[in-house]
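Asks: According to TrEMBL, the transmembrane segment annotation covers A:7-28, A:34-55, A:62-80, A:86-105, A:112-131, A:161-179, A:209-234, A:246-271, A:283-305.
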Amino acid sequence: MTGGVRVWALHLAVLVALALAPLVVPPYHATNLARIMVLAVFAMGYNIAFGYTGLLSLGHALLLAAGMYATGLLVAHGGWTAGPALLAGALAGAGVAFVVGLLALRTTGAAFMIVTLMFAQAGYLTILYFGDLTRGDEGFTLAREARTLFGLDLVTDATRYSAALALFAAGLIGCLLLVRSRTGRVLVAVRENSERTRMLGYDPFRARLLALTLSGLYAGTAGAAYALLFGYVGASFATVQYSVLALLWVLLGGAGTVLGPLVGTLVMFYLVDFAGNLTDATLFVVGAALILLILFARTGLLGTLRARALAWLP
Amino acid sequence: MDLGPFLFLATLEGLVSAAVLALTAVGLGLVFGVMRVVNVAHGEFFMLGAVVAWAVTNLMPGAPALGFVAALALSPLAAALVAIAADRAILRRLDYAPEAVIVATIGLGYILQQGALSLYGPEARAVAAPFSFRIQFPWFGYSGYKLAVIVFAALVLTGVWALLTRTKIGLVMRATQWDRETATAFGIDTDRVYALVFGLGAGLAATAAVLVAPISQAHYLMGGDPLLLSFAVVIIGGLGSLRGTVIAALLIGLTDGIVGVFFAPTLGKILATLLVALVLVFRPQGLFGRKTA
């Protein structure tokens, strides 16, 4: 039982620290943190598929964009209010992930990577094709008055931060509950040895489909929240770059660790920010980080920490 | 123009894209076939070829044809050297683990893109064609250079085929593809074979890019489409089958040319992308490939 207490104490402490952060750091960094928390929800979703279940997808930008565009288009063109639109965005992410999963999960390994990449590319092109509605690469903004959730004005810094934190906290606790549950252990078993898991009477296809759908739920929610909190919806979020970024954040923080996506997103965000002051070569930073991680620290920051010191880290 | 000549023009355009695509995809397919890894940076080797071609043709004094011939020799060489260096420095250390190689080549692709952006700039620039005569058909005139591209690509592909089936190097490559451990046991230095194949794959992509540079332009983001199309070709042709790859390139290139004449290009691309994804889902061995265990 003491292990469980330790785990919950650590994760609640992280949430408390995030809640106190805007009192300490300047507003510029508070806005960054709000953005990082929303993107970390996306990364947590990627981690459920890649880190815990071993599904190397290059199509997660499609799931992020599904949530973002469902919410954005319903608010901008359908006149929906923020609450139902947010729910629709989350469901859009999960729904698209479920359908893609039904097809793509018939393949494994490199073929799965290529199929998800192609579905995402088709999604990106679809956004461009309906340019009248989506305004293509340029994107569109959401009106200020539409960005109110439960009477809270999401445009002001303080409420935006609180909303991002609430979303992140829900995601983090959900992920922690999942990976400590029997279902979570089945996902890891599928990653480690799919055949043996099947022999034990579990259906690996169903486990993978569940993981991908949950992953889509996270990604869709993150996209929907991004549209509402930052008021912008654009096709750049549907490009393969965002799929790669999710992979990078998870690898950096530690694939298959609950806090890894947050750590990875945070470190990479400030690394690119810091490098941006020194040089314009931000693509180089992303590329070099990927190569160095895969060469020298395949388990990421928290994965290494877990191997060296904290074996109980979930 | 009547439908007949119109279709003829579309077929010619389709053959040009098929020729370029076949070269690029054979490079990707060769790497996949022998090394069993997916090279996500393949599109960036293509881009590198076009950018180096621009640099060489501009630095080279004298007739444009001379500069172009130099580019045709130097671009693939440059791409191959970068690829071999990447193989030695990165892929070999990863022991060619499929997923690790995917991540590493994504990173490599970003680094190449950044290199091109920093050194070459964000502009799209034209490369001068080596000659500019037009062939006059009864209905329209057509660029002689584009016809030369088709012929040259066919020659290079024949060369690759001969290399694989008629030479010692090809035999060694096929042996390594068949069974790496046994090949090692027979004294084949498979590390060198891998480096060679990775370099050859990048060189083929660069060759295709040099050929296409006078038709389209050289740009640091030009590698995305060839990568996806090459994936499509290699998948439909059956992963690791040279003949299937060439047939699939013809199929996709011609379809691309003809569909592009009749449909909106974006819609055509969406349908084509989904179609290829579904082929991979329902026929993972490709349309022409044999089932393997």
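Quick reminder: no glycine exception, Cβ is built from N, Cα and C everywhere.
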Asks: Can you say which of A:7-28, A:62-80, A:161-179, A:283-305 has the most Cβ pairs under 8 Å with the transmembrane segment (A:112-131)?
Replies: A:62-80
Asks: I'd like to know if the transmembrane segment (A:161-179) touches the transmembrane segment (A:34-55) in this structure, counting it as a touch only when three or more C-beta pairs sit under 8 Å and are separated by 6 or more positions.
Replies: yes
Asks: If you count every Cβ pair below 8 Å, which range out of A:7-28, A:86-105, A:161-179, A:209-234 shares the most with the transmembrane segment (A:62-80)?
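Replies: Against the transmembrane segment (A:62-80), the leading stretch is A:209-234.
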Asks: The transmembrane segment (A:7-28): which same-chain residues, six or more beyond its ends, come within Cβ distance under 8 Å?
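Replies: Answer is 37, 157-158, 161, 165, 168-169, 172-173, 176, 180, 258-259, 262, 312-314.
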Asks: Near the transmembrane segment (A:86-105), which residues from the same chain, at least 6 beyond its ends, have a CB less than 8 A from one of its CBs?
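Replies: Here the qualifying positions are 45, 55, 57, 59, 62-64, 66-71, 74, 80, 112, 115-116, 119, 123, 149, 205, 208-209, 212-221, 223-225, 227-228.
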Asks: Can you work out which residues elsewhere in the same chain, 6+ from the ends of the transmembrane segment (A:161-179), have a Cβ less than 8 Å from its Cβ atoms?
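Replies: Counting only partners 6 or more residues beyond its ends, the transmembrane segment (A:161-179) has Cβ contacts under 8 Å with 7-8, 11, 14-15, 18-19, 22, 30-31, 33-35, 37-38, 40-41, 44-45, 47-48, 52, 149, 152, 154, 187-188, 214, 218, 221-222, 225, 229, 258-259, 262, 314.
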Asks: What residues elsewhere in the chain lie close to the transmembrane segment (A:209-234), defined as a C-beta under 8 angstroms and at least 6 residues from its ends?
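Replies: That would be 34-35, 38-39, 41-42, 44-46, 48-49, 52-53, 55, 57, 60, 63-73, 75-76, 82, 85-86, 88-98, 100-102, 105, 134, 137-142, 144, 147, 149, 154-155, 160, 163-164, 167, 171, 178, 183, 187, 190, 246.
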